[in-house]
Number of protein chains: 2
Amino acid sequence: MNELQELRRRARDIADLNGIGGLLLWDQNTMMPPGGAGARADQFEALERILHDQLTDPGLGRVLDALEPWAASEDPDSDDVRLVAVLRRDHEKAVRVPTELAAAMSLAAAHAQQAWLEAREKNDYGHFAPSLERILELQHRYIACFDGTGEFAHPYDVLLDDYEPGLTTAEVTSLFSVLQEELVPLVSAAAAAGEDGRVFPGHYPIEGQQAFAEALLGAVGYDPEHWRLDPSVHPFARSLAHTDVRLTTRWEPDDLAMSFYSCLHEFGHGLYEAQMSPSHYRTTLADAAGLGTHESQSRLWENLIGRSKPFCEWVLPVLRKHLGGHFDAQEPSDLYRAINQVRLSLIRIEADETTYNLHIALRFELELALVEGRLSVADLPDAWNEATHRLLGLDTPSIGEGVLQDIHWGAGMIGYFPTYTIGNLMAAQLWQGLRADVPDVDDAITAGDFAPLREWLRDNIHRHGRKFDSRELLRRATGEELSVEPFLAYLEGKLLDAGLLTAPARVPRS
Amino acid sequence: MNELQELRRRARDIADLNGIGGLLLWDQNTMMPPGGAGARADQFEALERILHDQLTDPGLGRVLDALEPWAASEDPDSDDVRLVAVLRRDHEKAVRVPTELAAAMSLAAAHAQQAWLEAREKNDYGHFAPSLERILELQHRYIACFDGTGEFAHPYDVLLDDYEPGLTTAEVTSLFSVLQEELVPLVSAAAAAGEDGRVFPGHYPIEGQQAFAEALLGAVGYDPEHWRLDPSVHPFARSLAHTDVRLTTRWEPDDLAMSFYSCLHEFGHGLYEAQMSPSHYRTTLADAAGLGTHESQSRLWENLIGRSKPFCEWVLPVLRKHLGGHFDAQEPSDLYRAINQVRLSLIRIEADETTYNLHIALRFELELALVEGRLSVADLPDAWNEATHRLLGLDTPSIGEGVLQDIHWGAGMIGYFPTYTIGNLMAAQLWQGLRADVPDVDDAITAGDFAPLREWLRDNIHRHGRKFDSRELLRRATGEELSVEPFLAYLEGKLLDAGLLTAPARVPRS
């Protein structure tokens with residue numbers, strides 16, 4: 001099979017360039033001197049152009065065509081057959097997009113990211129608006145590349161599909177309709193039952209937070225031989241290969257929750273990358289099924305595990321050891337209640353898991369309106385503030401706490417936000433599946449033994465890489481289709497358990 | 001001129017990929033988790049293969065051919081004509097080397113670098129030897145690519161030419177013959193006149209060293225907007241663009257000289273990259289004329305400026321401010337004498353500037369013997385130890401202080417070491433030229449005003465990038481050819497001035 005060897009060779013180059021792109025991105029957000037931003041944008045553009053040329057190469061199309069009869073006769077779940085399918089999809093999408101447009105999108109995103117950083121510092125939306133205009137203009141040109149394919153029912157579907165293959169505007173609209181309907185009263189009831197004030201009152205020296213994070217990450221499965229942790233404005237995870245995984249967090253002396261839960265969150269992303277099957281290394285299968293699945297992994301560690309009662313029992317002595325003070329007088333039940341408080345707040349990445357999806361609903365609503373042309377870039381801050389008031393009942397005192405709080409739009413990522421909610425829903429379903437399969441999960445967590453959890457996730461999700469899409473992975477792991485009920489039932493159950501709801505607030509959906 | 005536009009487009013891609021390669025290398029030696037080494041080797045290999053494909057593309061040959069008549073009719077010193085010439089040279093060299101060999105060399109170098117690091121840790125030469133065998137085998141295959149071109153008189157010339165275009169084994173042999181003859185007695189006389197003990201006796205907390213380095217680098221021209229400084233095992237400088245310059249150093253509490261002079265040294269390299277003309281950005285002219293010129297810049301800042309009497313006058317109060325203790329009781333003349341001490345020592349990067357070239361002579365002798373097949377990899381440690389005894393009169397107690405002290409051979413860089421000596425010779429000649437052109441240099445240095453020095457270097461050397469080769473640059477800057485006399489006269493003059501020689505020890509060469 002010379003064709004298969006050629007396909008693997010092509011996949012290897014693409015995978016290596018993606019790994020290199022991961023380094024460019026990681027460095028840009030952690031290490032790069034500010035004055036290097038212009039050159040970095042050029043480097044991204046060059047890399048993007050080369051990657052695009054490789055994906056669109058007619059030779060790739062020919063080798064895919066030549067392999068089609070063979071693939072049809074083989075086990076459809078074998079690695080090689082899936083590699084053919086995945087590369088065909090990438091090739092067919094890429095050939096519709098001119099190289100120059102792909103490069104322009106990459107360049108515009110790099111410039112806009114820098115403008116976003118500067119606009120945040122200056123508290124000046126006007127400094128960012130022209131970059132966002134440019135991003136949107138290019139997104140429209142990108143969408144237009146798929147005119148007439150019949151593949152997408154809505155312009156925004158084109159964007160969604162890049163982050164979560166097959167996800168549609170209609171589905172997302174319907175999911176958010178149910179979630180908003182259920183979450184607004186749940187949030188309202190739980191927020192009224194809780195206390196005011198910060199989750200972790202007090203001041204936590206950064207050295208103590210770092211020692212705690214090291215103990216926390218070490219216990220869940222961070223491996224210093226293969227991982228790094230660095231500070232960045234916006235925490236993120238990026239792997240350059242399954243053997244080189246980089247997490248970032250933000251250290252704030254007055255906000256322990258930021259580093260604590262962002263470390264767990266990014267660990268979940270990192271573990272997905274680290275536990276992909278080594279047999280997929282240097283192929284285009286060594287990638288996530290979709291961003292929904294990726295987010296389900298981060299949310300699982302941050303919330304389903306990290307905010308559970310057994311986790312509180314394990315982590316409280318660790319907190320006491322490294323951060324003392326406040327935690328010395330706490331019982332696990334106090335911690336459990338504190339970290340599950342429902343609090344209406346402005347910042348998505350600081351939001352509790354109950355309100356979180358309302359933040360996403362807001363962003364989905366606004367970016368859909370931008371894409372549909374119902375909202376202008378100039379009117380975006382007002383629309384943001386209005387939606388914040390409508391969904392969360394809050395005023396927005398500054399653009400840093402409002403429209404400029406997230407990097408995504410500045411990074412050219414429109415259609416990305418809904419995958420966070422898909423991830424939350426999947427996480428609840430996977431958690432049900434994991435609990436059904438792994439005996440004594442709670443005891444293992446209480447004992448700080450996270451190996452059985454990592455193994456279940458490796459076997460059911462991580463190792464597959466991009467062989468199956470998110471829905472297929474969910475089906476194989478749980479036997480279920482994507483649904484909102486497990487997530488809502490989980491939320492309500494925990495709020496009741498933690499004493500944050502006095503009585504059931506909702507009727508289970510069938 | 002469509003062809004010129006096409007040439008510029010091709011040069012832009014090559015330049016961008018080189019910038020990306022700079023990031024891969026910097027990260028590998030500063031940030032990468034150890035377990036990422038295998039993937040990094042693969043990424044280097046992929047990048048190398050793509051770069052090699054671009055340089056050898058027949059389309060590049062065609063556009064160069066098409067531009068030849070135009071180039072012959074234009075100003076031979078114009079940027080575009082020089083770009084044609086430089087790319088033609090790169091293309092013609094690259095087409096002789098099969099893509100797979102270039103990739104194998106890159107892969108072997110990445111693996112050998114890791115083996116070198118591990119071998120140093122384990123103090124086990126055997127752990128590194130197979131990697132060095134592989135490197136040499138590939139270097140021989142590389143040399144064989146140029147058989148029959150008539151371009152190179154000696155196999156080692158092929159390797160030299162990659163680091164210092166046009167430099168020959170015959171010239172290097174002749175230079176080292178004179179240098180050894182003159183330096184061995186000079187070193188002997190000066191070492192006998194000096195005191196024993198370390199240049200900076202005492203213990204210097206790393207925080208103090210970092211504060212001093214910040215003040216030092218800030219004064220000479222380090223710009224935090226565009227530069228970084230990080231720790232690494234072996235200090236180096238690398239730019240990703242003229243706007244993104246990265247230096248590294250090594251902090252050792254018992255060795256202030258290490259961070260002090262490596263910072264100045266790497267600053268010299270960084271300044272060369274930072275002061276290249278922005279008009280060369282994203283072209284293959286945005287590179288050094290040769291490594292000899294590069295090294296002349298680092299040596300100029302480290303030695304000619306950094307170990308001068310006026311520099312001592314300026315820097316002593318800075319040392320006192322950040323590191324106190326030892327320096328409070330010193331006069332500038334004490335510092336001047338201390339930092340110019342001649343001491344026979346084992347480690348090249350810790351060597352004083354008088355003995356330094358004997359370390360290079362040793363490496364040149366050994367690598368020439370390896371390339372000529374007169375020395376085997378297995379016998380290299382013994383040959384190293386013998387030459388160390390012969391040239392420096394010292395025993396070598398461990399391979400970390402001997403054959404494994406430098407990264408170069410492990411990084412596949414054979415033929416590189418002689419450029420250090422070329423740099424030392426050029427630095428002395430350029431320093432004469434600078435002093436003749438810039439009035440009151442000594443006063444400026446005493447006052448901590450390094451701007452006139454930076455400007456002279458920018459105008460005469462840095463801005464040209466790779467437009468002219470090292471000898472042509474030297475000729476344009478000083479009106480002179482490369483020679484040993486200015487360097488030897490400078491050394492002797494300073495040793496006399498600092499009281500480290502009691503009487504002239506040599507007869508000037510005409």
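Yeah, the Cβs are placed from backbone N, Cα and C, and that goes for glycine too.
Remember, TrEMBL labels are computer predictions, not curated facts.
The following features are taken from TrEMBL:
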- A:E266: active site, proton donor/acceptor (ACT_SITE)
- A:H265, A:H269, A:E295: Zn(2+) binding site (BINDING)
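In sequence order, A:P235, A:F236, A:A237, A:L247, A:T248, A:T249, A:S298 constitute the residues six or more apart from A:E266 (active site, proton donor/acceptor) in its chain with CB-CB distances below 8 Å.
Annotated Zn(2+) site A:H265, A:H269, A:E295; additional same-chain residues within 8 Å of its Cβ mean position, judged by their own Cβ, are A:A237, A:E266, A:G268, A:H294, A:Q297, A:S298, A:R299, A:W301, A:E302, A:G423.
Around A:H265 (Zn(2+) binding site), a 10 Å sphere centred on its CB holds 25 further CB atoms from the protein chains shown. Neighbour count (other Cβ atoms within 10 Å of the Cβ, all protein chains): 29 for A:E295 (Zn(2+) binding site). Taking the Cβ of A:H269 (Zn(2+) binding site) as centre and 10 Å as the limit, one finds 25 other Cβ atoms among all the protein chains shown.
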